[in-house]
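Quick one: the structure is below, and I'll ask about it shortly.
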Amino acid sequence: MAPNLQPQPQSQLQRPRLKDHRPWSGLSNISKRSFRSCATSAFEADDERSSSDGDMSPRNSEADLRRPVVPRHFGHDARPTSRRELLGWYAYAFAAETYVICGIASFIPILLETLARENGVLVSDRKTPCGSSDSKNDGDGQCIVWVFGMEINTASFAMYTFSVSVLVQALLVVSISCAADHGNYRKKLLLTFAWIGSFAVMSYIFITKDNYILGALLTVISNTSFGASFVLLNSFLPLLVRYHPDVIEANVATTPDLGSSEFESRPLDQSVGQLESSPVTATSPLLHPEDGGRLKPTASHAEITSKELELSTRISAIGIGTGYIAALFLQCICIGVLISLHNTTWGQRVVLFMVGVWWTVFTIPAAMWLRPRPGPPLADNGRKGIMAGLAYILYAWKSLFKTIQQARRLLDIVLFLAGWFLLSDAIATTSSTAILFAKTQLHMKPWALGMINVISTTAGVFGAFGWSWVSRLFNLKAHQTILVCIALFELIPLYGLLGYLPFVKNWGVFGLQQPWEMYPLAAVYGVVLGGLSGYCRSLYGELIPPGSEAAFYALYAITDKGSSVFGPTIVGAIIDRTGTIRPAFWFLAVLVGFPAPLIWFIDVERGRREGAKLAKSITDSIVQEEDESDDGAERRGMLSDYEREHGQSIDDERAGR
């Protein structure tokens, strides 16, 4: 019996229209997801196109075909990373890194200690004003100052200020992580904190002996803004790597271009003749050898991981090196200004003003060239203004605890963050401790202290670019390169502890007993920092689950800056207890060595697999929640239509039965 192929009446095929024009209730979940996935990127005009964008060469056409053109969410920017976008990323490192080298690691602690000392008295009688630290005699006692009713050593004033600033910074970073991951806020927040931080640094020009507490407040504001902006900058790095043309090409299998091959240009009889002349057996290849060579298999997961890690490390190293070059140039200018102004407090304030101006001016290219790269928007909860901002902050803190729970499932993330917690604290504490040691114990003048940072920055440039060459030469993995840097880093506190050996102390040299000894140690510190800054950031970026960059980099920043609350505080307590800085080298020696075992056990390939699985589970969970929400809304809408049409509710109808 033949099947009935007659068309059914239209009334039997069409679904009854719902009243009140509720078009969305009649759409399937698939249709809605298709609408979301096919939304175009209309968030901003494309002002980042280079002059080569219009080039219609075959190479560009092939690259265009490999673009990930299907957006993941409304406003998703899936364009390949452009050269101008990379320059914008480097530009902000060029602008802001000067604050770290010339400001927080050099002249800010010097200025804070100087201002505190000008307001301090000797602990021996608590009446005699303290002299300048660069001319202090060995027989002088401790210099103390009262801050909010607390008696602290003037050398500890800067350490405690740094601790407060990084605590505030950690709290702020958590609060903004949600806005960075969701919506078109990543770039906006980056620029906002850049302007706030740079203007705060310029405001040091107004700080005097009478309002030195305001100088500490500016330190908190500027350091907090810098840290928040760099968290946002770091969250761009995985996106720049993911959409880099080299990575896109590695992820897509290459197929033969038959239109440009010899199949198209050869006469038909020659092609057939060649095929007929070739004996065909069970083991014959499907393609002719010369045609099969045109096929390129898709890169393996390990090869893609290696490619992304190499690219991430290179971009990160260039960013660090670019920032170091800028800081080196500006530091030399600042030293010249200090010498011309006779190493006065006014000279220190002027150079900090110059640092703020530099930060402001060179943020402009980053603002012009860096693409926003929006994340998926949050669900509209109907809140506006301040309430919407509070909702974002609350969601960010909830996300932090959720991110911590997710990170606990990633072994390599846990190992890295634990090691980075200690290592970043050691980096920050060693820098500030060394500057204060040189100023208060070795009595070095401000221009000489500035030379310490010139040497460390110069060495940092070679370290940023040289460690990649070293790792290739010795075939070192990223975590192995970090371990080598840690081993060199350990030499700094150990050298300071040599001053406790009686025979070294009798020599009067070595063990940080002479000012010139600070310079070779500064070179070691710079080389180490140049490697750690680039490799740690890129290694962590490869372990982050895709789609959670800002949230996990917020956790990275909390681990980084949050740990720096402890180091300076402990060193400050040691100074208050002993009256000298040298005992702090015992603490630094332990702090530098602890991260090594944790870094040793990191496996990047395993970490990327676990991160990808976690990202997939998060996506599946979100899709399932959306499906359930859409199904529920559609059922409620259909039920409402039915009730309006029949004049009674389902419950009433059941009750009537």
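Just so it is clear, glycine is given a Cβ too, placed from its N, Cα and C backbone atoms.
Because the structure is a prediction, the values reported are computed rather than measured.
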Could you let me know which of Asn29, Asn343 shows up in Swiss-Prot as N-linked glycosylation site?
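Residue annotated N-linked glycosylation site in Swiss-Prot: Asn343.
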Same side of the membrane for Asn211 and Pro583, as recorded in Swiss-Prot?
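For Asn211 and Pro583, the topology recorded in Swiss-Prot gives opposite membrane sides.
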Hey, what's the Cβ neighbour count for Asn343 (N-linked glycosylation site) at 10 Å?
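For Asn343 (N-linked glycosylation site), the 10 Å Cβ neighbour count is 19.
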With DSSP helix as H/G/I and strand as E/B, how many residues of the topological domain 'Vacuolar' (406-409) fall in helix, strand and coil?
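The composition, in the requested order, is 2 helix, 0 strand, 2 coil.
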Out of 92-112, 156-176, 188-208, 350-370, which stretch has the largest tally of CB pairs under 8 angstroms to the transmembrane segment (447-467)?
92-112
For the topological domain 'Cytoplasmic' (371-384), what's the model's average pLDDT?
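Summarising the topological domain 'Cytoplasmic' (371-384) by its mean pLDDT gives 70.
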How about the transmembrane segment (555-575) and the transmembrane segment (410-430): at least 3 CB pairs under 8 Å, pairs 6 or more apart in sequence, or not?
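These two segments touch.
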Please identify the stretch among 92-112, 213-233, 385-405, 516-536, 584-604 with the greatest number of Cβ pairs below 8 Å relative to the transmembrane segment (350-370).
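Highest pair count goes to 92-112.
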